[in-house]
Amino acid sequence: MEFDRSGVDALMDITKRPELVFVRGQGSWLEDHTGKRYLDFMQGWAVNSLGHCPPQVVKALSQQAEQLLNPSPAFYNAPSMALATRLTAASVFDRIFFANSGAEANEGAIKLARKWGQLHRGGAYKIITFEHSFHGRTLATMSASGKPGWDTIFAPQVDGFPKARLNDLASVRALVDEQTVAIMLEPVQGEAGVVPATTEFMQGLRKLADEQGLLLIVDEVQTGFGRTGKLFAYEHSGITPDIMTLGKGIGGGVPLAALCAREAVSVFAHGDQGGTYNGNPLMTAAGVAVFDALTAPGFMASVNARATQLSQGLQALSDKWGMKGERGMGLLRALMLDRDDGGAIVEAARDWAPEGLLLNAPRPNLLRFMPALNVSADEIDAMLARLDEVIDKIRAGAVLTAP
Ligand SMILES: *Cc1c(COP(=O)(O)O)cnc(C)c1O
């Protein structure tokens with residue numbers, strides 16, 4: 001297959017992309033238009049929890065597609081109730097609203113918290129969020145995010161998202177006032193470079209929220225659905241949040257997200273929330289297939305075994321190359337580089353011949369790893385060996401061009 005430039009010019013130019021088209025995928029491997037294969041440790045930004053085209057999800061989608069695509073959100077459908085039942089049974093939450101993206105689930109969380117504030121906290125509406133956080137790309141979720149520059153890019157912002165510092169409880173307490181209704185955070189800040197909130201901080205936030213009568217919202221769009229070695233990341237700290245959002249991995253590659261809330265917080269009145277595609281049977285059937293795979297006996301144990309292997313392998317690379325260590329939870333990990341060549345490593349790994357390697361550098365001095373949760377031990381070893389070769393090549397070049 002030829003690379004088609006006219007197709008490129010028909011798309012809005014919203015990001016720099018390499019001149020290749022992926023045509024098929026299986027498990028941890030992708031294939032481009034020339035037939036070149038790539039070992040994929042991005043997996044659509046932690047979206048493909050079971051790798052590319054997992055048979056369970058393909059089967060669920062094709063069976064559901066033959067049976068019923070969308071009766072309209074005005075009616076019940078079986079897959080959405082099956083998935084909601086599974087989620088409430090496996091978590092501390094009682095009620096689920098399905099959405100189509102993480103940003104939309106977070107919008108729902110913000111609306112739910114504001115509604116709760118109107119009913120129970122005298123109209124309080126402010127939600128304390130965090131510097132460097134990422135909650136999505138709608139106007140409200142961009143305003144909630146702490147990404148540098150996002151406060152002005154589409155000004156004016158949606159009001160009411162004061163920013164605290166992660167793992168600094170005093171910085172949160174200092175922002176609480178009469179108008180505060182909730183605290184919202186990612187248990188591991190993903191886009192910021194895989195920065196985990198400490199257990200002590202999570203527990204401190206819960207205590208602060210209880211003392212002040214605030215809601216605690218966890219954005220588990222990236223950390224949920226097994227990514228951190230437990231089904232949900234909040235479980236690591238033993239706390240009970242009031243609201244949780246899911247996205248990415250929940251659909252195993254298809255657009256599905258969820259807003260989960262405890263009964264006392266599920267205060268939407270009829271008409272407050274909805275959406276044409278929300279909870280449609282095609283996507284929720286995929287979600288059921290993913291959930292059942294993750295909760296099958298032994299699955300999470302193997303995620304944790306692979307996480308240990310990846311963590312140790314990355315630490316060994318860091319030691320060998322004099323880098324700054326590795327961090328993360330489960331199969332959401334980062335290698336901290338000692339210099340700003342993350343972008344160069346990502347490009348060289350992708351362009352490697354005969355097989356490429358797909359990695360992500362959310363920051364210039366850091367590589368992020370988000371393999372399929374069912375990645376094999378051999379695939380992790382292959383990735384580590386390839387990455388070592390790539391670093392060797394990049395850094396040899398760096399020495400040669402040094403003054
Ligand atoms: C990706 C992400 C989002 C946004 O999800 P979309 O599906 O891209 O809208 C929100 N929060 C976190 C923590 C994310 O990683």
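Including glycine, each Cβ sits where the backbone N, Cα and C put it.
Around G102 (pyridoxal 5'-phosphate binding site), the same-chain residues six or more apart in sequence whose CB sits under 8 Å from its CB are H135, G136, D219, V221, Q222, T245, L246, G247, K248, A257, listed in sequence order. If you look up TrEMBL, you'll see G102, A103, F134, D219, E220, V221, Q222, T276 marked as pyridoxal 5'-phosphate binding site.
Annotation comment: TrEMBL describes R137 as N(2)-acetyl-L-ornithine binding site. There are 13 other Cβ atoms within 10 Å of the Cβ belonging to R137 (N(2)-acetyl-L-ornithine binding site).
The annotation N6-(pyridoxal phosphate)lysine is assigned in TrEMBL to K248.
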Pyridoxal 5'-phosphate binding residues G102, A103, F134, D219, E220, V221, Q222, T276: largest Cα-Cα distance, in Å and rounded to whole number: 26
Among A103, E220, T276, which are recorded as binding-site residues, the nearest neighbour of R137 (N(2)-acetyl-L-ornithine binding site) by Cα: A103
Binding-site residues compared (A103, V221) - highest count of Cβ atoms within 10 Å: V221
Fewest Cβ neighbours within 10 Å, where candidates are the binding-site residues Q222, T276: T276
Local backbone state of D219 (pyridoxal 5'-phosphate binding site), from DSSP in three classes: strand
